[in-house]
């Protein structure tokens, strides 16, 4: 969240030297995300769905009758309702897409596109990161934290799934939801297990007693907004239906080129009382060019090294809210119930702050996402980031333990 501002996807690879591919290459031909205007009724929505189905059938029939090549498209795929935002994904021929764009109920018709995870890089030496979170940004290999440790808090991980049987989760991991048909809930890629471990693993986690819930939208290093909207829609509904807004945080270590419909979804979740933490991206550029980093009401996290220098790969700029460790980090992996790996990336930085949010929610009464963000920023340590990048805030995440009773883990 950009506090005090007006207010496909690729998993973030754990670090990649490669920037996000060009927008044209990432567009999915014939696939769209359609957002509807604010204020329409449920009756309007049902009428619109029927209208789209009718227009789609008519256009396909007209193409056949005229002897034009007919692109077999399925029409509306999934419908999403995220607080006040109504949207749907669909596969349409060009004429139907244009007809939908002109419909008076429609706000936007945007081509679906790939979203990426951050690439994984294996490096030697790890372990400073948790000490960093409790030592005001200074070098330490001792992690100090309140013994509540995120207990009673739910952290939703929109990613590749979670290795829920990993011993580090101690039974506190749940498969949650899978947006990808004909693919198991299992984490086959590792990225989701790694980020979940930074949030809540007993050894590697910031909030060691929190529960992590998977919302699977990726099975490899890339996905599309069709799946990501579906998974995020489930997360928002699951949190709001259970009344857990003050006890839940969402982590998304993902990135694509700027995609306004999904930024709008994050902002609507914020209005519904949900805190979302996201990665700034690994493209060495202004994060305002990336989604969901550019969402006004996400907490956007950039990466620092062991020495508090901004990571060379990390995005930067005014949409960044805070920095957290993102290099030489060890966490949970796949391939066994005790597997681990080391990795770099803003994908790694984001769950440090998601874990911090879970940690703070367990010990303080934070009534809404604005209060959560303010508390995270108020606790942060200023002026230690070297070369934060043009427009970036100079703030490092800190858990505030020196102002609280503490438990010491050597």
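Yeah, the Cβs are placed from backbone N, Cα and C, and that goes for glycine too.
It should be emphasised that the depicted structure is a prediction, and the values quoted were computed from it without experimental measurement.
According to Swiss-Prot, the signal peptide annotation covers 1-17. Marked as domain 'Inhibitor I9' by Swiss-Prot on the basis of sequence analysis: 31-118. What Swiss-Prot records for 127-410 is domain 'Peptidase S8'. What Swiss-Prot records for 159, 191, 347 is active site, charge relay system. Per Swiss-Prot, the feature N-linked glycosylation site maps to 182, 238, 251, 338, 405.
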Site of maximum Cβ density within 10 Å, from recorded positions 238, 251, 338, 347: 347
Neighbouring recorded positions, C-alpha within 10 angstroms of residue 238 (N-linked glycosylation site) - of 159, 182, 251: none
Residue among recorded positions 159, 182, 191 with least C-beta crowding, 10 angstrom cut-off: 182
Secondary structure composition of the domain 'Inhibitor I9' (31-118) [DSSP: H/G/I, E/B, coil]: 33 helix, 34 strand, 21 coil
DSSP three-state assignment for residue 159 (active site, charge relay system): strand
Those glycosylation sites of 182, 251, 338 having Cα within 10 angstroms of residue 191 (active site, charge relay system): none
Listed recorded positions 159, 182, 338, filtered to Cα within 10 Å of residue 251 (N-linked glycosylation site): 159
Rounded to the nearest Å - Cα separation of residue 347 (active site, charge relay system) and residue 338 (N-linked glycosylation site): 21
Nearest-integer angstrom distance between the alpha carbons (Cα) of residue 159 (active site, charge relay system) and residue 182 (N-linked glycosylation site): 17
DSSP three-state assignment (helix, strand or coil) for residue 191 (active site, charge relay system): helix
Residue 338 (N-linked glycosylation site) and residue 182 (N-linked glycosylation site), Cα-Cα, nearest whole angstrom: 27
Local backbone state of residue 182 (N-linked glycosylation site), from DSSP in three classes: coil
